[in-house]
Number of protein chains: 2
Amino acid sequence: MAKTLAVSPLAPAAFPQLPVIGGVEFAVAEAGVRYAGRTDVMLARLVPGSTVAGVFTRSATRSAPVLDCQDKLGGDQSPGAAIIVNSGNSNAFTGRNGVEATQAVTSAVADVLDLPDARVFSSSTGVIGEPLRHDRITAKLDELTASLSPDGIADAARAIMTTDTFPKGSAASVDLPGGRVQIAGIAKGSGMIAPDMATMLVYIFTDAQIGFDALQQMVSEISDATFNCITVDSDTSTSDTLLMAATGASGVQVEPGDDAFRAALHKVMLDLAHQVVRDGEGATKFVEINVTGAESDADARTHALAIANSPLVKTAIAGEDPNWGRIVMAIGKSGAAADRDLLTIRFGDVLVAENGWVSPDYREDQGAAIMKQSEISINVGLGLGQGAATVWTCDLTHGYISINADYRS
Amino acid sequence: MAKTLAVSPLAPAAFPQLPVIGGVEFAVAEAGVRYAGRTDVMLARLVPGSTVAGVFTRSATRSAPVLDCQDKLGGDQSPGAAIIVNSGNSNAFTGRNGVEATQAVTSAVADVLDLPDARVFSSSTGVIGEPLRHDRITAKLDELTASLSPDGIADAARAIMTTDTFPKGSAASVDLPGGRVQIAGIAKGSGMIAPDMATMLVYIFTDAQIGFDALQQMVSEISDATFNCITVDSDTSTSDTLLMAATGASGVQVEPGDDAFRAALHKVMLDLAHQVVRDGEGATKFVEINVTGAESDADARTHALAIANSPLVKTAIAGEDPNWGRIVMAIGKSGAAADRDLLTIRFGDVLVAENGWVSPDYREDQGAAIMKQSEISINVGLGLGQGAATVWTCDLTHGYISINADYRS
């Protein structure tokens, strides 16, 4: 049973007003997969012609639903599609039983919605290694189908939560030559994987009309700059899944490479990614790390992730300690190119270190003032080239230890 | 000022009785580099003909004393040598000033002991980025020289401590065809780098006679299987240093590839490495991770370190939670080859998971009983090949957060 956790201090003030996306309907149910007294299954039905693209965990031990989704991407979109998600059990590392459970759920959804199996995508999130009670999900399919509604997306955002302390949603609209299109997305994740619990799941819907190849490419590219640039604890879920569906209900065509649509989708995905970090387990600080002047973008990302994942950097931030020595350490260990004596380090706008040493103008109280804020930027210049990267993370606190050490047994 | 921390629950019962190593003398002093009321400088003098080998941090931002030691390895050994170490200040990321401070200290030692500068090795450990008050060290050199003594190694082990909660020493003797030789070593480190504080420093002495090339090769190879197989928090010091000196005072020659000497040295280095893990900040569990059946030894090590460094695995161990799902997760994310359905996972001797799922005979109370022990082994079989690796780590507790977040500012 998931403990009720206090809402993250970094949570947005409220769940946003999400627009209705033509061509999608949602329903939720209390199936009792693991939790009692809350919704734990969500169903989304997509009209015929909807394209579905996806991005998934790269884990070598990924779950049966993830493998099933990957198999199904790019299939015939004429009959429509559905997405079924449960929380409470991840159906990961469940052997042959896991494959059977995924088949049982997706086939039953296909039957009740009159779709081919190949157009039913599923996700599961929750405890690893326990058999998924798929009968509890299929028992609710008639109820779910009967209650499908175009404005159920906020309820869907709640049904997929596990250790999340707030539901996550984001939306954008774009005026294209053919008319206005809408994008709305929901996500769950406390920024980590886990057993008892977590995993990141993201579902994004648009009424724009986009071919599969163009949608898949756009989603893959933007994921690299958003969801693949956040880290809470460096651990990778066996179940991470992002699915994006374009229903075409607006009748407005998006061409591959349309900049306005891409920018709007980027905004939605970045907002959802940031919300996942803001719900990082035990998080009290939202941290942006910018690395510039690296030999390559890949090197910049390696340095940025080394800083973001360093337990010593993360605990210093938790302690509001402007401990720039730990930034130097993280850069040194990352494995990417760096020259100690060319480094510059800024907390916010405050120049802390340069020329291989603390800046002569820096005063510790300046750094300490930055560290007291709830949103912090750490800016590193390497002085070697043009490579740049930005990643987002949170601090490492007693709350993280409490959630993950004091939890299960 | 370093806080006084409670002695680690994983500490050995007592500091071992270390033998006198012919050809080495030690002295310690209270120089007040940063700490008051305790020794913080140690000096070791080595007789003419002593070989000195070393292994150092691979950090790209390594400290001035590390770079200086690396330059000096392999020089003419006829005049003898010295090692000078201070705690309280790491002289790391101190720019040009850091180079000057290292020169000032090593030159002064060279003068007082009548050695060439090139035979004086130095280390500094403590806060990063603050100027080293080298005058406080050099002011103590006459006192240090006057008190050099063959049996001062235990005092030396104490003088180099920073956040360590106990001094670390280990010894072995070897009977070779030419006679008996002794090995004695000391180390400091709480398994992490840091600012306010830590770093791993190791000094090993033997009265055997060994050429530089043979000694360097042996030390490098054994380090790879000992000090490079421990991790506390995945962070790498800018100052890690291991120096080994062979005085030849026993008159007993060790040939390159001598198995008995190598085995004895391996035992001393492994013991010291384990003591560093046992003093890991906040540690309550000593954990051995064995990975077998990997495609290569390198893959096995990648998996083992992914498990050892995973915050979710480490917090599960802290919580005495037999959470094997997190082991699966760590293997999945490591990037090395793995097949979910061929994995076996054992806690101690208890088979937990096999064939891509929990073992049918496994009961959670068996795993829970293992997790209550203070020494835990996690044994993973990949079923792919012959690659194997062992690493050692500790758990991640509230104590770690307290030491590193609640500390400096």
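Using the three backbone atoms N, Cα and C, a Cβ is placed for every residue, glycine included.
Keep in mind that TrEMBL annotations are predicted by a computer and have not been checked by a curator.
TrEMBL lists B:THR199 with the feature active site, nucleophile. Neighbour count (other Cβ atoms within 10 Å of the Cβ, all protein chains): 32 for B:THR199 (active site, nucleophile).
Here TrEMBL flags B:THR162, B:LYS188, B:THR199, B:GLU281, B:ASN404, B:SER409 as substrate binding site. DSSP gives B:GLU281 (substrate binding site) a coil state; it is part of no helix or strand.
In terms of local Cβ density within 10 Å, B:ASN404 ranks first among the binding-site residues B:THR162, B:GLU281, B:ASN404. B:ASN404 (substrate binding site) falls within a helical segment according to DSSP. DSSP classifies B:LYS188 (substrate binding site) as strand under the three-state reduction. Annotation for B:LYS188 (substrate binding site): spatial neighbours B:SER87, B:THR125, B:ALA157, B:ILE160, B:MET161, B:THR162, B:ASP164, B:PRO167, B:LYS168, B:THR199, B:MET200, B:LEU201, criterion Cβ-Cβ under 8 Å with sequence separation of six or more.
Using a CB-CB cutoff of under 8 Å against chain A, none of the recorded positions from B:THR162, B:THR199, B:GLU281 qualifies.
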